[in-house]
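J.: The structure's right below; bear with me while I get my questions together.
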Amino acid sequence: MASPSFCLFAALLALVSWQAIASDPSPLQDFCVADKHSPVLVNGFACLDPKYVTADHFFKAAMLDTPRKTNKVGSNVTLINVMQIPGLNTLGISIARIDYAPLGQNPPHTHPRATEILTVLEGTLHVGFVTSNPNNTLFSKVLNKGDVFVFPVGLIHFQFNPNPHQPAVAIAALSSQNPGVITIANAVFGSKPPISDEVLAKAFQVGKGTIDWLQAQFWENNHY
């Protein structure tokens, strides 16, 4: 029978190993610029031959025009990840600018592969996230210019501009080169093909007619 000390060591080793694989893998060289044309399929992208790498692979020109906020939810998320900057490959980070119209929101969503840290540049935001089952505890805060808030990886979170007259702007950093996003309403009511209305009616404890109406709506994508 294994000794208690060995069992403890094995448990700690398993925990450390899990933590090591719970985020983007660490780079094994100075950089690994994404080769988007490589036929090699890996978790991420294969490396471009370093002799073809230039400064432009680590660069994205400034977008001086204010992004549009004319969609139904009143926000525009401009994500800069490995698809826009190939040099981010293996570096485990990306960034997004979020513009909010007056009373606009970035609706409840989750990033399956990243923690997010958000800084308000202009205006005021009501933000929050909800913990996992069974507690489903809401942690929320009103942020002003310069304030910072963290959304843990995988948890549902949101931002809302409560000002009916002024827009707001925020910058978010995310701990993955490709954090992904699942907007809850879009995924549940706008999936293709649609989820059975019988399933959703029972899940939300409403009539099928309500579900059919929700599924008939156009679910806005505010990520560009």
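Residue numbers in this text run from 1 along the chain shown.
Using N, Cα and C of the backbone, Cβ positions are placed for all residues, glycine too.
Here Swiss-Prot flags 1-22 as signal peptide. Summarising the annotation, Swiss-Prot assigns disulfide bond to C32-C47. Annotated domain 'Cupin type-1' per Swiss-Prot: 62-212, in sequence order, evidence recorded as sequence analysis. Positions annotated as N-linked glycosylation site by Swiss-Prot, on the basis of sequence analysis: N76, N135. For H109, H111, E116, H157, the entry in Swiss-Prot reads Mn(2+) binding site.
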J.: Say you check the Cα of E116 (Mn(2+) binding site) against those of the recorded positions C32, C47, N76, N135; which is nearest?
T.: N76
J.: I need the nearest neighbour of C47 (disulfide bond) among the binding-site residues H109, H111, H157, using C-alpha distances.
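T.: So, spelling it out, the nearest of the binding-site residues is H111.
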J.: Could you tell me the mean pLDDT over the domain 'Cupin type-1' (62-212), as a whole number?
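T.: When the pLDDT values over the domain 'Cupin type-1' (62-212) are averaged, the result is 95.
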J.: Rank aside, I only need the closest one: which of the recorded positions C32, N76, N135 has its C-alpha nearest to that of H109 (Mn(2+) binding site)?
T.: N76
J.: Counting Cβ neighbours within 10 Å across all chains shown, tell me which of the glycosylation sites N76, N135 comes out on top.
T.: N76
J.: Other than H109, H111, E116, H157, which residues of the chain come within 8 Å of the Mn(2+) site, judged by Cβ distance to the Cβ centroid of those residues?
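T.: So the extra residues in range turn out to be T110, A114, F129, F151, L155, I156, P179, V181.
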J.: Sequence gap of 6 or more, C-beta under 8 Å: which same-chain residues meet both conditions with respect to H157 (Mn(2+) binding site)?
T.: P108, H109, T110, E116, V127, G128, F129, V130, F151
J.: Can you name the recorded positions among N76, H111, N135 whose CA is within 10 A of the CA of C32 (disulfide bond)?
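T.: The recorded positions passing the 10 Å Cα test: none.
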J.: If you measure H111 (Mn(2+) binding site) to N76 (N-linked glycosylation site) at Cα, how many Å is it?
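T.: The separation of the Cα atoms works out to 16 Å.
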J.: Quick one: pull the CA-CA distance for N135 (N-linked glycosylation site) versus N76 (N-linked glycosylation site), whole Å only.
T.: 31
J.: Select the most exposed residue of H109, H111, where exposure means the fewest other Cβ atoms within 10 Å, treating these as the binding-site residues.
T.: H109
